[in-house]
Amino acid sequence: MRFAASIAVALPVIGAASAQGFPPPVEGVTVVKSKFDENVKITYKENDICETTEGVRSFTGHVHLPPDDNDFGVYRNYSINTFFWFFEAREDPKNAPLSIWLNGGPGSSSMIGLFQENGPCWINDDSKSTTNNTFSWNNKVNMLYIDQPNQVGFSYDELTNITYSTINDTVYVADFSNGVPAQNLSTLVGTGSSQNPWATANNTVNAARSIWHFAQVWFQEFPEHKPNNNKISIWTESYGGRYGPSFASYFQEQNEKIKNHTITEEGEMHILNLDTLGIINGCIDLMFQAESYAEFPYNNTYGITAYTKEKYDAIIHDIHRPDGCFDKLAKCREAAKEGDPHFYSNNATVNAICADASSSCDNYLMDPYQETNLGYYDIAHPLQDPFPPPFYKGFLSQSSVLSDMGSPVNFTQYAQAVGKSFHGVGDYARPDVRGFTGDIAYLLESGVKVALVYGDRDYICNWIGGEQVSLGLNYTGTAEFHRAGYADVKVNSSYVGGLVRQHGNFSFTRVFEAGHEVPGYQPETSLKIFERIMFNKDIATGELDIAQKPDYGTTGTESTFQVKNEIPPSPEPTCYLLSADGTCTQEQLKAIKEGTAVVENYIIKSPAASKGDPPPTTTTSPTAAPTAGSAMLQAPVAMLAISVLTALAFFL
């Protein structure tokens, strides 16, 4: 049964979750049963929902894995149905490399990256139509967007009736045996996952194990992708600063086990030929990045003084004092090393110590920032931030779109079950077996390219902390990387998009005028960086072949801090029904709850919100210093009018 609403718009799918009523029946999907395991299958549909370029194919589908009582030592009594969206390259897909894209969270859907950052289309402000993205990452690369771990986005364990509150951005399991409640502005109904935190991966390494199983099935048995180029890259963002190193190193370790015949099971012996790991605004390791949560709001290149000297000093003290953040992190890591060396998160004592470390550091580092009323993902924007636009949530709520996708579930941008599961074991406080910086070093030693790319307006995983990670790596090229200077990233004949330090296969780039979701702010710059890395060109100019010059290093200044930025105009406020918790004022939320809000295409027209105050700045003008690039965003016109801060799950 499907329901419609009797307001100014048809009520959508569950927004930060999902549901325009229930999805239509799944029809017309192709089913491929595994030749290795009768209980494994792939279901998919070809469609042109987002990629409309003539002759360029795209597919949505699921890889279905049954419960497993010995998943590399982890008992898993739930099914995994992992959603993917595959776009062939617009140019020569048969010979193009492939990149996986993963958003972070933990628990955030990769549809964020697809529709707000680097996919083939932008969603217009009617939440129904699309505009071609000329800077799409599938221009020359086959792109595979994956919703993971289980229950994220369109991925699910078991189909479950749910309701969704637009007011507090929460999904609830529902019992509709006595009838389905009518939908209204504040309550939507639909189909989702079980919401059971025990029915998903509970840490980064277990997520790596699951995604490796997905990859074994997809790359061997998905019939629509049979390339001549077998190179695979992973690009990720935010909490992907942990996903990326862990997943890529796990893939590489499994490759070694396949080669030395440690792994001999049929169907699990496909080599995943890793080429590149790219991390955008990654939260990688708190030991390297913790101090940046005090430094960035206090002293940044935009002259925004969100913190006083007293607040800055207090946070630094909480990091270093006895039983402070660093002490708790060290205790967690020592306990994990002794009590859970394989990262199964099945030791209650270790979980409790690490959960305490994670929550304590979060309190010390991030709670003070809430008082600033500035954006977590863009320090130059207000907390209720409408950029990048959330229009894709309404787009994915359309019955026609869900039908074309062949999805049995409504869209869920953030999986609460995943967040609970990861936070409950203190995943963010502890590294994996090698450590995430150790993983990056291992990948570099294995010949894998690694690129760290950071927008310079993001607070939550800011570039100052990212730079510290880059300088803290210990690998054979460490000294040469440190000696390299920062060079301009030349995007075109008239625009410099950032500064890069690069030596050989490793690079750190600061992208000007960009928040957390860098490609959403600077599509052209991001595409240039992405393609240069993918095709072995130097990031600064794109003219040198790094494969032929393995000792190449950039020259320039030791720091980038001398390059200052102008504060951009604050975006016009836009209250979007499906992102109400992150874009609407208290007055607007009240009107939504009472059913008095005037809504058009999911946008609250009345009551209207007023633009907030500009961020606080220093009294010293930075005009004497060089100015970064141009203050104008490169985002297309269709995106400039309205945008969104997705609800602060943890990281996107």
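Every residue gets a Cβ built from N, Cα and C, even glycine.
What Swiss-Prot says about this protein:
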{"type": "SIGNAL", "residues": "1-19", "note": "signal peptide"}
{"type": "DISULFID", "residues": "CYS50-CYS121", "note": "disulfide bond"}
{"type": "CARBOHYD", "residues": "ASN77", "note": "N-linked glycosylation site"}
{"type": "CARBOHYD", "residues": "ASN132", "note": "N-linked glycosylation site"}
{"type": "CARBOHYD", "residues": "ASN168", "note": "N-linked glycosylation site"}
{"type": "CARBOHYD", "residues": "ASN184", "note": "N-linked glycosylation site"}
{"type": "CARBOHYD", "residues": "ASN202", "note": "N-linked glycosylation site"}
{"type": "CARBOHYD", "residues": "ASN260", "note": "N-linked glycosylation site"}
{"type": "CARBOHYD", "residues": "ASN299", "note": "N-linked glycosylation site"}
{"type": "DISULFID", "residues": "CYS325-CYS361", "note": "disulfide bond"}
{"type": "DISULFID", "residues": "CYS332-CYS354", "note": "disulfide bond"}
{"type": "CARBOHYD", "residues": "ASN347", "note": "N-linked glycosylation site"}
{"type": "CARBOHYD", "residues": "ASN410", "note": "N-linked glycosylation site"}
{"type": "BINDING", "residues": "CYS461, GLU517", "note": "substrate binding site"}
{"type": "CARBOHYD", "residues": "ASN474", "note": "N-linked glycosylation site"}
{"type": "CARBOHYD", "residues": "ASN492", "note": "N-linked glycosylation site"}
{"type": "CARBOHYD", "residues": "ASN505", "note": "N-linked glycosylation site"}
{"type": "REGION", "residues": "607-627", "note": "region 'Disordered'"}
{"type": "COMPBIAS", "residues": "618-627", "note": "compositional bias 'Low complexity'"}
{"type": "LIPID", "residues": "GLY629", "note": "GPI-anchor amidated glycine"}
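Put simply, of the recorded positions ASN260, ASN299, CYS332, CYS461, ASN474, the one whose Cα is nearest the Cα of ASN132 (N-linked glycosylation site) is CYS461. Candidate disulfide-bonded residues: CYS121, CYS325. Fewest other C-beta atoms within 10 angstroms, CYS121. With CYS50 (disulfide bond) as the anchor, the candidate recorded positions are CYS354, CYS361, ASN474, ASN505, and the one with the nearest CA is ASN505. Counting every protein chain shown, the Cβ of GLU517 (substrate binding site) has 29 other Cβ atoms within 10 Å. Geometry remark: CYS325 (disulfide bond) versus ASN260 (N-linked glycosylation site), CA distance 41 Å.
For the pair ASN474 (N-linked glycosylation site) and ASN168 (N-linked glycosylation site), the C-alpha distance works out to 44 angstrom. Each of the glycosylation sites ASN184, ASN202, ASN260, ASN347, ASN505 was scored by how many other Cβ atoms lie within 10 Å of its Cβ, and the smallest score goes to ASN260. When Cβ atoms from all protein chains are considered, those within 10 Å of CYS332 (disulfide bond) total 26, not counting its own.
Between the alpha carbons (Cα) of ASN77 (N-linked glycosylation site) and GLU517 (substrate binding site) lies a span of roughly 35 Å.
Other Cβ atoms within 10 Å of the Cβ of ASN168 (N-linked glycosylation site), summed over all protein chains shown, number 13.
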